[in-house]
Structure formats: C-alpha cells, structure tokens
Amino acid sequence: MNQTVYLYTDGACKGNPGAGGWGVLMRYGSHEKELFGGEAQTTNNRMELTAVIEGLKSLKRRCTVIICTDSQYVKNGMENWIHGWKRNGWKTASKQPVKNDDLWKELDALVGRHQVSWTWVKGHAGHAENERADDLANRGAAQFS
C-alpha cells in the first residue's frame, strides 16, 4: 500500500436544506482528477459526507488516503463519534437517531477498505486545493438551483 492519494473535499448548499453540491479534487503524485455532483434537495452536511464518499468510491485499489476537509462534522464524526454511534445502535449519546446515518454507514464501509487519515483545513481561507473543491461543489449545486 505505497500509493498515497490526497482527497480535497467540500460540500455546498444553497439554502439548508436546498439545492446542494459536492466536489472532490483527487491528487496522486502529479496526477489530478476532479469530481462533482449535486442534489436538488439536501443539506450542507449531507454534501460534505457525499464528497468524501464519492472520492473514496472512485479509488480503484486499496491505498493510503489523506482526506483534507473543511468540515469538522465529517472529521469529528469519523475520528471520534462513529465508534459510540455503532456501539449504541446508531444512536447519539442522548439516545437520538444519528442524522445522516445512511451516509455515515456507507462512509464507514469505504474507509475500511483503505488506510485513511483525516486533515482539517480552514475553509475559505485561501487554501488552494480546498478552494478548488469548493468551486467544484458549487458547480454541482448550480445544476440544481
């Protein structure tokens, strides 16, 4: 597993809920690939999760993946909260159903196929790759707004 792939991901929503989009900038060495899409009625958090899911789904073989996201929701969910949710039957600490559990379950399964680490980047702060992911997410949302 010597291939390291960087996934720069972002989600966007025009209204929350409303038309939304997701974007992924994939980088492997000097190679880059852009992915984006959207939905007519969604939330910003669903689009943030979908961006990571779509990036991971596009990988053809097991590899080391560094996911760079501006979403504390996604990063904290995968690094801290998901273990408790799974133990509690997909309920939060306050016994409420986990929001977006369909996407969390899909993301959890995809992460298990790779060696994944998570990096948080400040959004809208001039981080070039995050800005590109944001542009892609907005392109995805524009298809539905």
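Cβ atoms are placed via backbone N, Cα and C, with glycine included.
Remember, it's a predicted structure, so these values are computed and weren't measured experimentally.
Take the Mg(2+) 1 site that Swiss-Prot assigns to GLU48, ASP70: the candidate from ASP10, ASP135 listed for it is ASP10. Listed in chain order, the extra residues whose Cβ falls within 8 Å of the Cβ center of the Mg(2+) 1 site residues ASP10, GLU48, ASP70 are THR9, GLY11, MET47, ALA51, THR69, SER71, VAL74, GLY123, ASN130, ALA133, ASP134, ALA137. Ranking the binding-site residues ASP10, GLU48, ASP70, ASP134 by how many Cβ atoms sit within 10 Å of each one's Cβ puts ASP10 at the top.
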